[in-house]
Amino acid sequence: MGNFLGRVSARLLSLMELGFYHYGRIIAKVPAFFIILCLVVTGLCSLGLTKFKEETNPFKLWTPEGSEFLQSQEWQQTNFPSDVRFNMGIYEADNVLNKSVIMEMLRVHQVVVNTTTANATWPSLCARIPAIRFAFIGRKKRETMKRQPRQAGSSIDGQLDWSKLLPREDYCQFLNSLEEVCMENSLLEVFDYDEEYITSLTQEEILQQVNEVENSAVTGLPLNVSQFLADIKRDNAGKIIGASAATHTWFTRINKLDNNNDDFMDDAGTGTRVDVTTFQWEQKMIQNLLNDTERPPDVQFYLMAASSFGTVSGDSIRGDVQYLTLGFGVVFVYVVVMLGRCNAVESRPLLSLLGLSCVGLAIVLSYGLCSAFGVLYGPVNSILPFLLLGLGIDDMFVIMEAWRGLKTSEQHLELSERVGLTLGRAGVAITVTSLTDFLAFAVGSTTTLPALRSFCLYCAVGVASVYFFQATFFVAWLSIDQRRIEDSRHSVLWCWKISGWTPNTCSQQDLCYSFFSQIYARVLLLPPVRVIVLVVTALLFGVSVWGMTGLRQEFDPVWFLPQDSYLFRYFEKQREYYPSSGEKGLVYLGNVSLVEELPRLQRLTKDLSAIEDVAEVENWADAFTSYWGDEYDPDQFSDQLSRFLFSTVGAKYRSRNFRFSSELNCTDPAPPVTASSVEFQYHVMESSQEEVNAMEDVRGAVGAINFSGESLVWSRAYGSWETNKVIEEELWRNLGVALAVVAAATLVLLASVSAAAMVVACVLLTLIDVAALMAWWDLTIDTVSCIDLVLAVGLCVDYAAHVAHTFLTHTGSRSERAAATVSTIGPPVLSGGFSTFLAFVFLAGSTSHVFTSFFKIFFGVSLYGLYHGLVFLPVLLSLIGPDSHATTLSQPPPHKSHTNTKNNDKLNNNENNNSTHPTQQKTAMMTNESGSNGVERGQAVMNKEDEAVFTLSQEQEQEHGLGYERDNPALPNTPDDGRF
């Protein structure tokens, strides 16, 4: 098995090296062509941005495709659309019943009433309801209102039903004469929104009104004051004397006439469509209400408009682009320090900037290409620039480390040959790392969650783009920049040639490699230290397994709001003061004969009420049968339904629970019912699993009744509950497949079953530790963490894979090979993890759930990934590591061995210093891994000669499946540097 893997791996990598070698030579000869080519490709792909569209509808982002909720949502919007929108506020004070707070409520009411835009006012947009009390008995005189409390007592307020007492014609005429008022529910209904009247009241009179009123002074309908209040305080007699919070609701109505024209838009917050006029008025109302210059300091006001969720969640993530700017700036400084050396010529600031510009090109290409193919852009995709920034830096450092790792003899070659050798070695490295990341994203794109699939597709294209641009655009500029160095030109002012320049001694030192080779490698492999490492790793594993038990599955769209936003604060107060109000749902019926299904509708109430998690069922059928009693006549069902829906008892069901084939009139029988609904409400549940079970119980109960037509269950909360239902399954499936794919790729590239198993073990240990960190950091299994963990598979495998492969390229005892591995691969692996962390570090200051989750998880990935890659794995390899692969280093192509005499001295001084540059993140990772550079440095660490080469007999080469390149006519001049 090992010989077969070795032969397959060697053949594959040899062909890849040869291809990259020739590709690098061509780039170095005509760099301008490839630079222009990259810019043209990016420009063409950017045309796809004309189709770019950001999706903010939560149902289209987070709900699994094909779910029952989406089918119900589509049916509802087609057959039972709602035209009423809710705008809600919460007042908070020591006592919201104090007169000063009541006056603030009135001021807020007036702000809404006076809100206007160019095309709308509150009276033109508000949903309306008949004011029965005022029309029938007349409005009390203000003087009377000031002298006595407003109480129930009218004979129509609950005692008598005038729809039965009056002749039908008279009653309908009476209804048509009613004044319609704007729907606005608040404590101010007790006082008729009358400023003069409220001003005249004392505190005692206010409390008296609150305790004695039974009907709204605005509509005449029954009024329960306690429904507005929270944290109610009562005296010994049970009278309300105070409350800490009160609600206020304004109802607007969508203009259906605009439904099919260009003045209609999708409202991401509600997942419905709204006319632009209403939406703009709501935005103006939000602006006015959030202006607190006139608000008393002892009163807090929290707001949620119908359009708030979509606008706030979108603005929050777009607003965090500042962190990308900060991250780019810090990373730029880091790259400048690590790519070049601290002198006037060998510093590479412009090359660093051009290398980072590859990330920008990749972002444009990814966004443009995905937009052209109609891939939606969701809020999570805003992380992509940070991710590509981290990956792009790694690839850049890999290439530069391969450049610095050229042997002394290779430094004398022409520039095109040196670039070819560099890319031949680094190309395999960046291919391996990019391939694992690409595969992880490709696996993630098979999910049923649209937001996750979109992110993975954008990232897969982005990773491939960064890979292409770093191997092409950056290499082209590297060849140009190297010509500048060899001509002794200034690192910033390229036109300035510095005569007689020589590098200073300080700039040639490499402290990081000295630390790893002279201190860290020796200390780590001491027997007591190895025991400590194994014990610490075992303890960390045990603690993390225990910590994982606290990791819960939960998804809440509210998390996507910034914690400092007005909307997030509203939801906090809503959950603090009104926790007992569970989620509401609806049972929809379509194409059903209601007269035939009436017994089943009554059974529905009983079956739903029997479900433990259902708190309340409000069924029009129960009210209908109670209204008619023994007078019910199935043959007169349509006529009786019409009279019921215009009665005092049934009026509330008319627009809420019925849709008719034509307009419903008071004097005529009801037209055919196209759709109807029954309302229910859940108890508040503690866990997502309870919610999923409750959802399935209701669906099962409705399905068991077997209605003759269409029957379905809908609740707005089902959108997130459906996500909770599948997210854990999606996570384990994606992680499992990603691990399997990465393990297979690692096995082929390492050509060692035991080494691949150790790498996969390190990845699993890292994931377990990260999962525990998530639980301790109060993160849950949701769509964002699912994305992060799948991505973590591709990232944390890099740390361990590079170490394992470098170990396989060295010879000697296990301890000697482990020491050489740590010495050579340690600095670039450390730099790779640190650069990834740098790309995300500023996200710690974000208030976005997406960004903070990424920071927390990738902090864990960097921390634990580096620990298992640079601490645990070397110790494990020193104890039970696999045998070494046979390694042979060949000389560079013989027909290219002439020297560039003009620059020999400079090359020897500047680029062939024995102390390698401290950072270049992953190349030893792969140039080491890839052969000559790694083995050469390993030997230097073991105090061998700089040009020392490990050679094996032909029999040894054949035993390990290597050495075939010598006899392969296709590779006569391929630099055989012993990779794999």
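Cβ atoms here come from the backbone N, Cα and C positions, even for glycine.
TrEMBL labels come from automatic prediction, so no person has curated them.
Taken from TrEMBL, the feature compositional bias 'Low complexity' covers 900-914.
TrEMBL lists 957-968 with the feature compositional bias 'Basic and acidic residues'.
Residues or ranges marked as domain 'SSD' in TrEMBL: 320-480. Averaged across the domain 'SSD' (320-480), the predicted model reaches a pLDDT of 84.
Feature annotation from TrEMBL assigns region 'Disordered' to 886-923 (among others).
The region 'Disordered' annotation in TrEMBL covers 942-980 (among others).
Per TrEMBL, transmembrane segment is recorded for 26-49 (among others). Packing against the transmembrane segment (26-49) from elsewhere in the chain are residues 361, 364-365, 367-373, 415-416, 418-420, 423, 468-469, 472-473, 475-477, 479-480: each is 6 or more residues past its ends and has a CB under 8 Å from a CB in it.
What TrEMBL lists as transmembrane segment is 321-339 (among others). Beyond the ends of the transmembrane segment (321-339), by six or more residues, the same chain brings 347-349, 351-353, 355-356, 382, 385-386, 389, 393, 396-397, 400, 831, 835, 838-843, 845-846, 851, 917-920 to within a C-beta distance below 8 angstroms of the stretch.
Tertiary proximity for the transmembrane segment (351-377) is limited to same-chain residues at least six positions away from its ends with a CB under 8 Å from its CB atoms, namely 38-39, 41-42, 45-55, 60-61, 328, 331-332, 335-336, 339-340, 384-385, 388-389, 392-393, 396, 450, 454, 457-459, 461-462, 465-466, 469-470, 473-474, 477-478, 481. Marked as transmembrane segment by TrEMBL: 351-377 (among others).
Marked as transmembrane segment by TrEMBL: 423-443 (among others).
According to TrEMBL, the feature transmembrane segment maps to 455-480 (among others).
Taken from TrEMBL, the feature transmembrane segment applies to 531-551 (among others).
According to TrEMBL, the feature transmembrane segment maps to 731-750 (among others).
Taken from TrEMBL, the feature transmembrane segment covers 757-777 (among others).
Feature annotation from TrEMBL assigns transmembrane segment to 789-808 (among others).
Outside the transmembrane segment (829-851) by six or more residues, the chain places 316-317, 320, 323, 326-327, 330-331, 334, 338, 379-380, 382-383, 386-387, 389-391, 393-394, 397, 512, 559-565, 784, 795, 798-799, 802-803, 858-859, 861-862, 865-866, 869-870, 918-922, 924-925 with a CB less than 8 A from a CB of the stretch. Annotated transmembrane segment per TrEMBL: 829-851 (among others), in sequence order.
Residues annotated as transmembrane segment in TrEMBL: 857-880 (among others).
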Best-packed against the transmembrane segment (531-551), counting Cβ pairs under 8 Å over 731-750, 789-808, 857-880, is stretch 857-880
For the transmembrane segment (789-808), the distant same-chain contacts (Cβ-Cβ under 8 Å, at least six residues beyond its ends) come to 387, 394, 432-433, 436-441, 443-444, 456, 459, 731, 734-735, 738-739, 742, 746, 749-752, 755-756, 758-759, 762-763, 766-767, 770-771, 817-818, 820-822, 824-825, 828-829, 832-833, 836, 857-858, 861, 864-866, 868-870, 873-874, 877, 881-882, 884-885, 922, 924-926, 928-929, 934, 938, 980
Beyond a gap of at least 6 residues from its ends, the CB atoms lying under 8 Å from the transmembrane segment (731-750) belong to 5, 8-9, 12-13, 432, 435-436, 439-440, 443-444, 446-447, 756, 759-760, 763-764, 767, 781, 785-786, 789-790, 793-794, 797, 801, 804-805, 808, 980
